[in-house]
Structures are given as structure tokens and as C-alpha cells.
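Student: Pulled the feature table from TrEMBL, pasting it below:
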type	residues	note
BINDING	F:35, F:68, F:71, F:159, F:192	Mn(2+) binding site
BINDING	F:59	Ca(2+) binding site
């Protein structure tokens with residue numbers, strides 16, 4: 001069973017709208033080696049897991065899988081932020097961007113030349129479940145052979161490929177919003193790479209000097225370096241509310257990445273930051289509530305306030 | 001950010017293996033109107049949501065979306081249970097089902113005539129991200145127009161179609177394991193139908209006598225009736241750890257299903273039941289650990305026990 | 001612009017339900033060489049046609065394309081008839097087939113072992129836009145190079161392949177309902193084969209003895225022979241309401257099929273037969289109107305009768 | 001059975017070639033919520049319809065479905081017109097655009113930077129059965145549950161989404177050719193929205209102030225306003241040649257769009273305008289007839305003229 | 001550049017037709033981890049290879065890739081043999097299996113209940129480029145990141161998964177024809193597993209006891225054991241006509257499979273066996289030549305014999 | 001069984017990087033009518049071929065199919081060359097293109113605006129198995145009906161369409177590297193067009209003046225003319241190592257292209273040119289070997305040199 005808090009797992013640094021960067025990030029969300037893929041793959045591997053005596057491996061996969069849902073939320077929201085308001089950044093600033101079609105204006109003209117046209121036409125300047133070339137996510141990508149060594153080997157390759165692709169995305173754009181999320185995911189992918197490599201070590205592989213894959217001095221990426229200095233690549237959370245995870249039996253000892261750090265798995269989750277809701281975009285008819293509908297909402301809210309307060313205990317803001 | 005507990009949202013009643021029932025359930029997992037779809041659709045609608053003043057609608061969608069992840073876990077595990085050990089039920093009981101290929105035996109012969117051959121060939125008697133006709137899940141199904149009324153209307157139709165299909169699956173099999181999960185999901189789909197119908201009511205629609213869709217006396221389904229008597233179709237959980245959800249502003253008042261119940265949203269989550277790990281299946285080479293690898297695991301576990309106990313506080317079993 | 005009459009282009013002979021035959025016919029509806037394909041391909045070739053001086057070729061393609069819509073209607077309705085009521089033919093006759101789920105009955109049990117499970121689970125015993133292996137129809141199949149000779153060559157191959165596949169379907173089942181439609185389409189495919197072959201003759205190809213493709217004595221198929229004796233393979237209708245089609249400039253002279261007949265294009269359309277509406281199927285919740293909804297319909301109908309009669313002139317039944 | 005006239009359902013206003021606008025329109029043709037989708041969905045819903053007493057609903061769906069074929073023809077031809085001759089508008093006007101490859105010229109250079117390269121490479125400056133992001137049309141999109149209320153609900157959502165997307169396309173371009181067709185379809189989508197909303201009203205839903213969806217003052221779009229002033233959003237044609245349609249029993253009374261108009265269904269079809277054939281494009285080898293082939297056509301035409309005139313009665317041009 | 005000899009890389013043992021076994025083998029041909037996949041993946045990795053100093057790795061991949069084309073030929077022909085004539089084995093022996101449709105016979109009736117209906121309807125009892133569940137082969141499966149370590153790691157996982165799936169297929173059927181090919185491919189997959197494992201060893205990984213994957217005593221499979229006794233799992237051919245391959249620099253030393261053998265790469269290719277052409281199948285209209293066409297072929301052959309003999313030197317049968 | 005030589009079937013003329021031209025060429029590699037398609041289609045037609053007396057037709061198809069593998073290699077390598085180093089040609093020359101990410105540089109910025117972003121993000125500036133619009137290659141495209149006349153007719157259409165598309169690609173770019181390969185393939189497609197047309201002639205078709213398709217004076221394309229002057233369009237190689245091919249019985253006599261040449265089939269294969277390996281690209285982490293890994297390779301190479309030389313006879317460079 002899963003739970004949610006209204007917080008993002010990592011901060012999204014505010015910056016300029018950038019539809020081209022948003023589109024590159026789609027690979028990390030809906031691509032074959034993106035976060036939707038890892039999330040689904042680990043969810044299936046956990047459900048179908050065989051071998052009660054191998055529980056620590058199940059728990060390791062399950063914990064990473066839970067983290068990946070938060071990664072989907074993080075990168076999806078980042079894409080949404082990068083697209084939000086981008087029509088005003090088209091080089092042809094058009095006045096009535098908030099008055100759809102008024103006087104025959106073309107506030108969405110940018111959609112014809114930038115990014116994926118579906119970002120403006122199918123979605124409302126928001127993330128889509130597709131890759132950077134526009135291909136929809138596909139279930140046939142999920143790998144779950146049921147053979148533990150093979151599943152771990154695939155997972156190691158999957159995380160490494162995700163990290164490789166994100167290093168390439170980093171080199172495509174210097175948008176600060178895009179980079180803040182990409183850098184965070186590069187480091188977390190390495191943490192997961194370490195997790196699966198370590199699991200394979202316990203099953204008889206010695207990685208010696210082969211890791212990390214790709215063999216890159218991530219320190220050359222300034223945003224990445226800051227996170228490496230905090231040791232984020234050697235830490236794994238359980239995301240397990242009742243402390244039953246045995247993933248720590250595997251995720252411990254020297255990092256297979258050969259960076260001299262020790263693997264630590266003694267935290268439940270990072271603190272995260274509060275999530276917010278994006279503004280209205282009239283040119284997309286989103287959310288599309290007219291004055292009457294808004295009045296209805298307002299009326300409903302006021303009427304029910306007392307009742308609601310009786311049901312829900314006042315909640316202190318999360319730290 | 002998301003969290004997990006090692007509990008299933010509802011009990012899976014033990015019963016006989018049944019690959020044909022397992023395959024029918026795949027529609028509810030990986031089909032166009034199945035749980036992977038609802039989970040992803042509501043996740044995207046939440047990330048891309050516009051309009052801070054409409055937060056209660058976002059929270060309603062987000063809470064249902066979180067529940068759907070647990071539904072994926074529930075129906076996926078149910079399929080896995082229905083497939084587990086099914087080769088022994090082929091009519092041709094073969095001795096060495098646990099000795100892969102020994103003497104040229106064919107312990108997986110059942111795969112040629114039953115269910116989806118991929119359940120035995122690609123997976124190891126486990127759930128797949130495909131529908132009942134074998135088509136992989138596809139991202140183009142996710143609907144998120146950004147227009148709130150349209151998104152709610154689609155969600156209402158989606159839940160109703162899911163419920164319609166599960167009523168049909170119920171009529172295809174009397175396997176108790178399959179039915180326990182199908183009945184539970186029929187009732188929860190109705191709860192979500194109520195949620196989206198109610199949300200549209202607050203925006204100006206009067207459903208009068210049109211609901212529920214399909215217009216079926218679900219009471220004719222005995223397993224469903226038991227849950228209706230508990231009022232499970234009129235209850236919505238928040239799955240929100242810090243109590244910030246405002247979904248209760250919408251999910252309240254008389255049920256639009258015209259069954260005379262009142263909608264209630266004052267619980268965080270159901271209790272659930274502990275989840276377990278499936279047994280090994282040698283004929284599938286799953287998990288495929290030989291004596292040496294098992295010894296390695298055992299040794300690792302013992303060595304690290306002390307360290308681990310220092311990190312994790314002893315956890316009382318969840319009630 | 002297109003028009004419709006509530007008549008089928010050919011009679012569907014009544015017979016026994018037969019889900020296996022229905023599924024084989026799906027190839028002729030939603031398969032790569034089925035009627036949806038020909039309909040769409042000719043529609044696109046007509047819209048994108050280049051060369052005003054080549055109008056007779058455009059008109060030939062457009063006329064056949066219009067006929068293909070009626071073929072979609074014919075084969076789709078045939079599949080629907082073959083599926084309709086098939087659960088009662090499962091070998092396990094179940095009483096409450098009209099009382100969905102009552103007492104835990106399994107009136108749709110047949111879906112687990114026969115045909116395509118989607119016929120019962122996604123549709124309500126009706127045709128689907130998929131092929132006989134369950135693959136959905138795909139737009140990438142449509143061929144329209146813009147080069148007239150190539151488009152005609154492809155069309156000739158397309159019709160011949162459709163005819164080949166229907167000859168194979170004929171050999172798979174002796175269900176009279178299935179065969180009545182298959183035989184009709186075998187003969188019409190040959191008429192279209194003749195049309196494209198003749199068009200290529202006017203552009204410089206001499207087919208000599210190579211046609212028809214496949215080289216089969218269709219006379220061995222009794223239902224086909226009856227239609228050949230009527231000369232239906234050498235006749236092309238215009239389906240053009242205002243007589244502007246110039247297709248007859250091409251479709252004339254000796255048949256390239258070497259059967260000694262002459263090609264004739266002087267009729268607008270065949271007479272057809274009245275189409276009917278299928279009965280309700282409660283086990284599918286289709287159409288799913290309960291007593292109240294039916295009463296609403298009845299009331300509406302009576303109230304509006306006078307008004308309607310004022311609007312629509314009484315129409316004599318089509319001959 | 002279907003018929004055709006060589007007229008377009010609405011005029012296409014002549015204008016400049018515009019491959020970017022053409023590509024945006026592809027969403028309205030081959031997209032998930034485009035005209036190919038509505039056409040196929042209503043065709044399947046009509047063929048598989050259950051419940052003879054609900055005939056007016058079947059006739060409503062069938063009539064709209066027939067109109068959608070003409071919409072496919074209209075938007076497909078519009079795309080073809082927008083692409084036709086566009087290479088000359090690339091900014092790099094090249095002389096030998098009509099002499100393919102002569103002297104190593106690159107008359108199709110525009111294809112590398114504009115629109116969808118397939119418009120020039122796979123098609124010959126013509127429409128394709130794909131969406132604006134290049135994904136081919138897919139049969140899995142067709143929704144036909146067999147449950148009448150659900151099918152109507154889906155259709156309402158489908159038409160509203162189509163209208164939403166076309167409003168967004170309108171805001172992307174001010175090309176007059178593109179806008180003439182987009183504006184017409186925005187208004188007709190609203191007519192269909194009214195039709196399905198009204199049908200649901202007869203089944204017990206009161207839409208009150210929720211419609212139209214999206215809640216947009218379409219009057220802000222000048223080309224749309226002209227058509228609204230003519231009441232085109234409140235009119236439904238039968239497209240039924242023999243007057244058997246009972247759709248008028250449903251499509252009558254006050255418009256659910258709350259614009260004060262009354263729904264009218266007493267016309268068979270609009271007048272339309274004559275359709276024309278596009279010019280040759282040598283750089284695409286389309287139609288690709290050389291002097292010899294053209295001479296063959298000419299000779300054939302002359303030889304057969306007398307024969308043809310004997311077969312076809314001289315037809316006065318349609319008004 | 002590639003060359004061909006009219007020999008199969010391994011013998012196909014003659015046996016009974018078996019459409020169910022044929023369909024299981026389709027996974028090994030057109031499945032995500034089948035021979036078409038390995039062939040294409042290694043072909044792309046070879047074409048796009050970077051790093052002249054790493055040529056031995058390129059040559060290793062290229063040599064295995066060339067072998068995979070022969071594997072496609074082997075398993076495709078095996079499937080064709082297993083399907084050939086299978087209609088006569090349907091339990092309902094029908095007389096006129098060689099007289100298509102004569103008297104309304106149904107010689108292809110088996111297609112409705114066995115295997116993939118496309119084997120009889122789309123193909124003519126021959127192999128298809130699809131997997132065992134009927135999904136067509138898809139280019140998105142090809143993995144070629146350009147990072148050598150990752151590509152090798154993927155290839156190791158790919159070969160191991162292919163071997164795992166073939167071990168499962170072996171357990172599904174005891175048809176001797178199917179098993180002769182499956183056993184051969186199990187052993188060759190292990191040879192390729194050894195190749196990629198060894199390549200990773202040279203880059204710093206020590207596999208210790210982790211290989212082979214899956215950890216199975218393939219000796220329990222009698223047909224496999226015979227080939228292991230010949231050492232076929234430790235041998236790699238170059239398939240390189242001019243001896244420029246440097247793959248042997250990698251494929252040497254002790255086998256990483258821990259079976260005590262030494263890897264050998266000093267042969268160009270196995271001897272193979274002559275390939276033959278399948279008989280005609282009239283019920284499929286294949287090849288579909290009537291008496292006239294056959295006479296044409298015969299006449300052509302005789303006329304040209306002298307000319308041909310002048311061009312081609314008489315070739316002694318391959319040893 | 002297949003063999004390989006480390007030579008390309010035709011020279012790739014060196015030139016400037018050009019990602020837009022590379023992307024256009026993708027249609028010729030992974031498009032529906034590209035080289036992967038022809039290669040696979042002829043491979044399947046050869047494996048499934050029926051009719052021992054029709055062996056010359058099988059051999060003709062098999063020989064062309066073998067050539068197509070070399071065409072895949074040729075066009076794939078050409079795309080790789082056109083992409084290689086293209087980031088330096090972005091208009092924004094960036095210094096640290098070989099120092100990935102150093103100092104936050106964006107050496108891959110070009111990927112956001114040029115070509116297919118996957119060329120830089122998923123691949124490492126190398127060819128992909130997709131078409132020019134980014135759609136992955138699909139197995140459903142392979143046509144193999146088993147009917148010889150139909151298969152030949154399809155093949156003729158396939159080669160002609162391939163040639164048509166390549167003529168269009170020629171008109172899109174004047175990059176010399178792209179044109180050298182495109183021109184070669186235009187001529188070879190015509191040779192294959194001649195082959196299938198001739199095969200149909202032996203079965204009773206007289207093409208008279210209809211060929212070649214498209215009817216284009218390819219002589220207007222200078223690079224094409226040079227090859228036509230060498231007669232390359234009228235020559236077919238066997239690619240058969242042991243001289244058993246009987247394709248020459250068909251491929252002889254006057255060319256059906258009406259260019260007055262005679263068809264010749266008396267060579268085994270063209271000479272080809274040596275193939276080379278592309279340089280490293282650090283910004284893609286390809287091949288991604290760091291100093292340590294390179295040292296490992298070097299050490300391995302030196303250690304094994306003596307052993308290798310004992311195994312492989314010194315090979316003179318191919319002429």
C-alpha cells in the first residue's frame with residue numbers, strides 16, 4: 001500500500017521557461033530508460049518476486065521503486081514548470097496571451113516551431129507520458145524475467161543508461177531549472193547503480209574498477225558536484241513507513257563506485273520541499289472555469305468549511 | 001513524495017491456480033481502462049494541475065491516484081497468485097515440475113494451450129504490463145487535457161468503464177481468488193465514480209437518476225454485496241500522510257449513485273493485510289539461485305545482522 | 001460529401017453464433033489487408049490526388065473507396081451477428097445468461113477459451129477495429145505515394161491479397177453466416193482487382209495470362225460461384241449521387257481476369273437489404289438501460305412524435 | 001450503404017501554402033481526438049448497436065458518423081492545399097522546382113526544416129493518417145463499450161476535446177486557409193457536443209450551466225462568430241437518403257449550450273461546394289505520368305467518349 | 001559486405017508438424033530477446049562503433065552478429081517445417097486438403113483453434129516476424145548506447161535472457177524438430193554469453209561464480225548435453241571471409257562459465273547442412289502457380305540452360 | 001548461412017557532418033520502404049519459400065536479400081558519418097566538445113534544434129532503427145503471402161517506392177556524403193526493380209512501356225548518371241559463395257526498364273571498399289573507456305599477440 005505527502009523529493013530551482021529543455025527532459029520521464037520505466041519495472045519485480053529467503057533483494061528493489069514514483073513526480077513537475085508560460089518567450093511577444101483567440105490573435109504560435117507541439121495542443125503546457133522524440137511510453141519495455149541475477153543485471157544496466165542519458169541532457173542545456181532536476185537525478189541514478197552493483201556483489205561478482213558506468217568525472221558538472229560532496233550517491237532511503245525493509249542488509253559497506261565512500265541506508269526519506277500548484281493559462285482553456293464555475297467553487301468551499309474542520313484535525317505544516 | 005508499507009490494500013483470498021482467470025484480470029491491470037491507466041492518468045493530472053483556487057479538485061484526483069498504485073499492487077499480486085504453480089493443473093500432472101528439463105520432461109507444457117504464453121515464457125508465472133489480449137500498456141492512453149471539466153468527465157467515464165469491465169470479468173470466472181479482488185475493485189471503482197460525479201455536481205451538473213454507470217444491481221454479485229453493506233462505495237481515503245488534502249470539501253453529501261448513502265472522507269487509509277513473498281519455481285529458474293548463491297546470501301545476512309539491528313529500530317508488526 | 005441509407009450492401013444469411021468464425025473475419029475488417037485499410041487508403045488517395053487530366057483514375061479510386069465503407073459496414077455487422085448470443089453456445093449452457101451475475105453465475109465463461117476475449121470484455125459481443133490476432137488497425141499501413149502508377153500497382157496487390165486471405169478464411173469455416181459475407185467480398189475484391197489491372201492496362205501494362213491473382217478456380221467455392229454466374233466480378237458501381245464520375249472511361253472492355261466477361265460500370269449502386277438492430281444483451285450491460293431509462297425514452301418518443309412527423313415527410317420503404 | 005457526391009461539405013478559403021499550419025491540422029485529421037477517430041468510433045457504435053427500442057440514439061450516432069467522413073475529406077483536402085507548392089515558400093526559392101533533380105538542384109530542401117518530413121518524402125505534399133507529432137492513427141482508440149450511457153458520455157467528451165484542440169490550433173496560426181476549416185469544425189464539434197448532451201438529457205442528466213465544454217467565448221474567434229450567427233452549432237443534418245433517421249426525436253428543444261437557440265434537425269445535408277483536383281508536382285514525381293503515358297490517357301479518353309456518353313445521362317452541375 | 005551459402009548452420013531434425021511448438025519458437029525468432037533482435041542489435045553496434053583502438057570488441061560483436069543472421073535463418077526455417085502440413089494433423093483429417101475449397105471443404109479449419117491464426121491466414125504455414133504472443137518485432141528494442149561497457153553489459157543480459165527463454169521453451173514441448181533447434185541455440189547463446197562476459201573481464205569485471213546465467217544444469221536436457229560434450233559452448237566462429245577479425249584477442253582463456261573449458265576462436269564457420277525448399281501447399285495458394293505458369297517456368301528454364309551453364313562454372317556440392 | 005567481409009559494398013564519399021541529411025537518410029534505413037524492410041522481407045520470403053521447381057525465383061529473392069544486408073550496413077554507416085562530429089557545426093562552436101560537461105559547457109546543444117534528438121541522446125551520433133519521422137521499424141511491414149506472383153508484385157512495388165523516396169531525398173540535400181550513398185541505392189533499387197519485373201515477365205506479364213517506376217530521367221541526377229553509364233542498374237550479383245544460385249535463369253535478356261541494356265548476372269559480388277572505425281566522442285561518453293580501461297585493453301592486446309598470431313594466418317589486405 002502506498003501513501004503520499006504534498007512535498008517534492010527535491011527542490012526545483014525557479015528559472016526561465018524553456019520548451020526545448022522541457023522536451024529533452026521528456027526522455028527522462030517517458031523514455032525507454034526514464035523514470036516511468038524504472039518505477040514500473042521495480043513495481044512489477046516486487047509484486048512477482050520469488051523466494052522468501054531472498055527478501056532483502058525484494059526490499060531493495062521495492063524501496064528504489066517507491067523512490068522512482070517520487071522521481072516521476074519531480075521530473076514531471078519540472079517539465080511542467082519549463083513549459084509554463086513559454087508562449088510569452090517566443091520572440092514574438094503577443095499581447096492577448098490571456099485572452100484566447102481574441103481578435104484573431106495567435107498566442108500559441110510558438111507551438112509550431114518549438115519543442116513537441118503536443119505540449120501545447122494535447123496537453124496544456126504540461127508534461128506528457130512520451131519520450132523526447134514523441135513516442136508514447138510502452139509496457140513492453142518492462143523487464144522482469146523472474147531470474148534474480150538477470151533482473152539485477154538489467155536494473156544495473158538500466159540505471160547506468162538513465163545516468164548516461166541524463167549526463168547528455170545536461171550537456172544540451174544550461175537552463176537552471178532543467179539542470180537542478182537533472183543533476184539531482186544523475187546522483188540518485190548513481191546511488192541506484194551502487195545498489196544493484198552491491199546486490200550482484202553479494203551474489204558473486206567483483207566489479208573491481210569497472211564502475212561507475214559511464215566512467216565520467218561527474219565532478220565536472222558543477223550542480224552534480226555539490227550533491228556528491230553531500231554523499232547523496234551513497235545513501236539509500238527505505239521509503240518504508242513501518243520499518244520492515246531489509247534492504248540495508250545489502251546496501252552497506254564500501255561503494256562499488258570506487259569513490260571511497262561507504263553506503264548508508266539508515267534514513268526513511270529525505271525532507272523534500274512543499275509542492276505548489278501552477279497558475280491558470282487562459283490561452284489553453286486550463287483549468288477552464290468561467291466566473292460562474294468559480295463562484296460555485298467558492299460557495300461550496302465556504303459552506304463546507306465548518307464540516308470539514310470537524311473531520312480533519314488541523315495539521316501543522318510539514319517541516 | 002510517496003511512501004510504502006509492506007501491506008496489501010485488501011486481502012487476496014487463497015484458492016486454486018487458474019491461468020485463464022489470471023489472463024482475464026490482466027485487462028484490469030494493463031488494459032486501456034485498467035489500474036495502471038488510472039494510476040498514471042491521475043498522477044499526470046496532479047502534476048500538471050492548474051489553478052491554485054481549485055486545490056480541492058487536485059487533492060481529490062491525487063488521493064485517488066495514490067490509491068490506484070495500491071490497486072496495481074493488489075491486482076498484480078492477485079494475477080501472480082493465480083498463475084503460481086498452475087503447471088501442475090494442466091490435466092497432465094508431470095512429476096519433475098521442480099526439476100527443470102530433467103530427463104527431457106515438459107513441466108511447462110500448459111503454456112502452449114492456456115492463457116497468455118508470455119506468462120510462462122517471458123515472466124515466471126507472474127503478472128505482465130499487458131491487457132487480456134496481450135497488448136502492452138501504452139502511454140498514449142493517458143488523458144490530461146488540462147481543462148478541469150473535461151478531465152473530470154473523462155475520469156468519470158474511465159472509472160465507469162473499468163467497473164463495467166470488471167463486472168464482465170466477474171461473469172467469466174468463479175475462481176474465489178480472482179473474485180475476491182474483482183469484487184473489491186468493482187466497489188472501489190464505484191467510489192471513484194461517485195467522487196468524479198460529485199466533483200462535476202459542484203461544477204453545475206445534476207446527475208439525477210443517470211448514475212451509477214453501468215446501471216447494474218451489483219447486489220446480485222454476492223462478494224460485491226458484502227462490501228456494499230459495509231458502505232465501501234461511499235468512502236474515500238486521503239492516503240495523505242500530513243493531512244493537507246482538501247478532497248473532503250468535494251467528497252461529501254449524498255451519494256450521486258442514488259443509493260441513499262452519504263459520502264465520507266475522514267479516514268487516511270484502510271488497514272490492509274500483510275503481503276507475502278511467493279515461493280521459488282525451479283521450472284522457471286526463478287529466482288534461480290543455486291546452492292552456492294544461497295550460501296552467499298545466508299553468510300551475508302548473518303554477518304550484517306548486528307550492524308543492521310543497530311541501524312533499524314525493532315519494529316512491531318503492523319496490526 | 002458522403003450520404004447513407006439504412007440498408008446493407010449485401011444480405012447477411014442468418015445462422016448459428018460462431019465466435020471463432022467471427023474472429024477469423026476480423027482480419028477482413030481490421031487487418032492489414034482488410035476493408036478498413038482499403039477504405040482509408042482510397043479515401044486518402046482521392047483527397048491527395050494530383051493531375052486534373054487524370055480525373056477518371058481519381059474517380060475510379062473514389063468510387064471503390066466509397067464502396068469499401070459499405071464493406072466495413074457489412075463485415076462489421078456480420079461479425080456482430082456471429083458473436084451475438086454466442087455465450088449460450090459454450091457447451092456449458094448457463095441459465096441466467098440474461099441476469100448478469102445473479103447468484104454468482106458465469107454467463108460469459110466462454111470468453112476465457114474462445115475467440116478474442118476482448119469481444120466480450122471490451123466490446124459487447126460486437127466487432128472491433130483489430131485483426132484476427134488482436135492487433136489494432138494502424139494508420140502506417142495506408143499507402144499513398146502520390147505516384148499514380150505505384151498507387152495503382154499497390155491497390156492491385158492490396159485487393160489481390162485481400163481476396164487471397166478471404167479464400168483462406170472460407171476454408172477455415174463452413175458457418176453459413178460467415179460464408180455469405182466472405183463469398184460476396186471475394187467476388188467484389190476480384191471486381192476491384194479488375195479495376196486496378198484495367199487502369200494499369202491503360203498505362204501500358206499487358207497482364208496477358210497473369211490474372212486473376214491468386215490463380216484460383218473460385219468456382220470450387222459454391223457460394224462464390226453463384227455470384228460469379230451473376231457477373232458480379234465484372235461490374236463496378238459509381239456510388240456517385242450526381243453522375244460526375246468518369247470511372248467508366250477506364251472500367252470497360254474485356255476483363256483482365258481472362259474469364260471472357262466484359263466490364264460494366266453503368267449502375268449507381270446495388271439495391272441492398274434493410275439493416276436491423278441487434279437485441280439487448282443483459283450479461284454485457286448493453287445497452288444498459290434500466291426500467292426508468294426506458295420509460296424516459298418512451299415518454300420522449302411519444303411527446304415528440306407529432307413534431308417529428310411535421311419535419312420528416314413520410315418515406316416509402318426503399319425498394 | 002454509403003454514397004458520395006463530388007462536393008466538399010464546406011468551402012476551403014484559398015491562401016498561401018503553409019506546411020507548419022498543415023502539420024497542426026494533422027491532429028484534427030489523424031490525432032486521437034481527430035475526425036478519423038470520430039468517424040470510426042461512430043461507425044463501430046452504429047454497427048454494434050443493441051436495443052431496437054433505442055433506434056433514435058443509433059440514428060443520431062450514425063448521422064453524425066456519416067458527417068465525420070465528410071469532415072475527414074474536408075480537413076484532409078485542407079492539409080493537402082496547405083502543403084501544395086510549399087517548397088517554393090521556403091525562403092530559398094529554387095528555380096527548377098518543376099525539374100526534379102535537374103543539375104543537382106534541391107527543390108525539396110524545405111522538407112528538412114519544416115513540418116513533418118513525411119509530407120514530402122512519403123506523401124507527395126498531401127495529408128497523412130498521422131497526428132501532429134507524427135504518430136500513426138491507431139484502432140485501439142475507438143471506444144465502443146456497448147453500454148449506451150457510457151458510449152454517449154465518451155462521445156460528449158470526445159467532441160469537446162476535439163473542439164478544445166481546434167480552439168488551440170486556431171491560436172497557433174492565422175493562415176486563412178487553415179482557419180476557414182478549423183473555424184467550421186469548431187462550430188460543428190459544438191453541434192455534436194449538443195447532440196450527445198441532449199441525448200444524455202433524455203436519459204436523466206441535467207447539464208444546467210456546465211456546457212459548453214470548453215467554456216469559451218468562441219465569439220472572440222471572428223471566423224467562428226460568423227458561423228455561430230448562422231446558427232450552425234444548433235443544426236444537425238441526417239445525411240440519410242431515404243428519410244428513415246429518427247435522430248430528430250432527440251436533437252430538438254433548447255440547446256444545452258445555454259446560448260438560447262433551439263436545436264433543429266430538419267435538413268438532409270448542407271449544399272457544399274464543388275471539389276477540385278490538385279495540380280501536378282513534378283518534384284514529387286506525382287502523378288508521375290510521362291508524355292507517353294499522358295498520350296495513352298488522352299487516346300483512351302477520346303476513344304471511349306461515345307460509349308461513355310451512352311451509359312451516363314448528361315448530368316447538370318450540382319447547384 | 002555479406003555473403004550467403006545455401007546451407008543451414010545446423011541440422012533441423014525431421015519430425016511431426018506441430019503448430020503449438022512452432023508458435024512457442026516464434027519468441028526465439030521475433031520476440032524481444034529473439035534472434036532478429038540480437039542480429040539487428042549487433043549489426044547496429046558494429047556500424048556505429050567508436051574507438052579504432054577497441055577494434056577487437058567491434059570484431060567480436062560483428063562476428064556474433066553475422067552468426068545471428070544464420071540463427072534467424074535456422075529458427076525461421078524450423079518454424080516453417082513445424083507448420084508445414086499441420087492442417088492434416090487437426091484431428092479432423094479432411095480429404096481435399098490439396099483442393100482448396102472444393103465442395104465447400106474446410107482444409108484450414110485447424111487455424112481457428114491452434115497456434116497463431118496468422119500462420120495460416122497471413123502467411124502460408126510459414127514463420128512470421130512476430131513473438132509468441134503475436135506482437136510484431138519492434139525497432140525500439142535495439143540497444144546501442146555507444147558506451148562500450150554498457151553495450152557489452154546489455155549484450156550479456158540479452159544472451160542470458162534468450163538462453164533462459166529457450167530453456168523454458170524446451171520444457172514446453174518434446175517435439176524433436178523443435179528441440180533440435182532449441183537445444184542448439186541454448187548452447188550457442190551460452191557461447192555468446194561467454195564472449196560478452198569475457199569482454200567485460202578484459203575491462204575489469206571478475207564474474208567469479210556468478211555465471212552462467214541462468215544457473216542451470218543444462219546437462220539435464222539430453223539434446224543440450226550432446227552439444228556441450230562437443231564443447232560448442234566454448235567455441236566462437238569469425239564468419240569473416242578475409243581473416244581480419246581480431247575477436248580472438250578477447251575470446252580466449254578459461255571460460256567464465258566455470259565449466260573448466262577453454263575458449264577457442266580458430267574456426268571460420270561450422271560446416272552446416274544443405275538447405276531444402278518446402279513443398280507446395282495448394283490450400284494456401286502457395287506458390288499459386290497454375291499449369292500455364294508452371295509451363296512458362298519450365299520453358300524458360302530449358303531455353304536458358306545453355307546460357308546459364310556458360311556463365312556459372314559447374315559447382316561441386318558443398319561438403 | 002551467412003558470411004561477412006570487413007568491406008563496404010560501396011564507397012562513402014567524405015564530406016561535412018550534416019544531421020538534417022542524416023535524418024532524411026533514416027527513411028532509407030529504418031523506414032517502411034527502407035533497407036531493413038527489404039532485407040527482412042526477402043529473408044522471410046526465402047525461408048518460407050514453397051515449390052522446389054521454382055528454385056530460380058527463390059534464389060533471385062535470396063540473392064537480393066543478401067545484398068540488402070550490405071545496404072543496411074552502407075546506409076547505416078553513412079548516417080553515422082553524417083552525424084559524427086556534427087555538434088561542432090551548430091553555429092555555436094563550443095570549446096570543450098571533448099570535455100563532457102566541463103565547467104557547465106553544453107557541447108550537445110545542437111540536439112535541441114537539429115534532426116532527431118535521439119541521435120545524440122539515445123545513440124552516440126550514430127544510426128538508429130527508425131524512420132525519418134522517428135517511428136521505430138515494425139515487423140508488421142514484412143510482406144510474405146506465400147503466393148509467388150503476389151510476393152513478386154509486392155517486391156516490385158517495394159523497390160520502386162524505395163527508389164521514389166530516395167529520388168526525393170536526393171532533392172532535399174546536396175551534401176556529398178549523403179548523395180554518394182543515395183545515388184548508389186537509387187541505381188541498385190532499379191536493378192532490383194528490373195529483377196522482379198523480369199520475374200513477373202516469365203510468369204506472363206508484359207510491362208511494355210510502363211517501367212521504370214517512377215518514370216524519371218534519373219540522368220538528371222549527376223551522381224546517378226555516372227553509375228548508369230557503368231550499367232549498374234542492369235547487373236545482379238549472386239552473393240552466393242558456392243555458386244548454387246539459379247537466379248541467372250531469370251535475370252537475363254533485355255531490361256524491362258526499356259533503356260536498351262541487357263541484364264547480366266555473372267558476378268558474385270562487387271569489390272567494395274575497406275570499412276573503417278569511427279573516432280571516439282567524449283561528449284557522448286563513447287566508447288567511454290577511461291585511462292585505466294584503455295591500459296587494460298593495451299595490456300591484453302600485447303599479452304595475447306603471440307597466441308593470436310599462431311591461430312590466425314597473416315591475411316593480405318583485400319584488394
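Cβ atoms here come from the backbone N, Cα and C positions, even for glycine.
For each feature listed, report its degree of burial, its nearest neighbours and the pertinent distances within the displayed model.
Tutor: Of all Cβ atoms in the shown protein chains, 25 besides its own fall within 10 Å of the Cβ of residue F:35 (Mn(2+) binding site).
Taken residue by residue with DSSP, residue F:59 (Ca(2+) binding site) is part of a helix. Within the same chain, the residues at least 6 positions away from residue F:59 (Ca(2+) binding site) whose Cβ sits under 8 Å from its Cβ are F:238, F:240, F:244, F:245, F:246, F:247, listed in sequence order.
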Student: In three-state terms from DSSP, label residue F:68 (Mn(2+) binding site) for me.
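Tutor: Helix, per DSSP.
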Student: Within the same chain, and leaving aside F:35, F:68, F:71, F:159, F:192, name every residue whose CB is within 8 angstroms of the centroid of the CB atoms belonging to the recorded Mn(2+) site, in sequence order.
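Tutor: Output for this site, in sequence order: F:38, F:39, F:64, F:67, F:162, F:185, F:188, F:189.
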Student: Do any residues at least six apart in sequence from residue F:159 (Mn(2+) binding site), in the same chain, have a Cβ closer than 8 Å to its Cβ, and if so which, in order?
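Tutor: Spatial neighbours, sequence-distant, of residue F:159 (Mn(2+) binding site): F:38, F:189, F:190, F:192, F:193, F:196.
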Student: Counting only residues 6+ apart in the same chain, whose Cβ is under 8 Å from the Cβ of residue F:68 (Mn(2+) binding site)?
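Tutor: The answer is F:35, F:38, F:39, F:42.
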Student: Using all protein chains in view, find how many other C-beta atoms are within 10 Å of the C-beta of residue F:192 (Mn(2+) binding site).
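Tutor: Total other Cβ atoms inside 10 Å, all chains included: 27.
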Student: Near residue F:71 (Mn(2+) binding site), which residues of its own chain have a C-beta under 8 A away, given they sit six or more steps off in sequence?
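Tutor: In sequence order, F:9, F:35, F:38, F:39, F:185, F:188 meet the Cβ cut-off.
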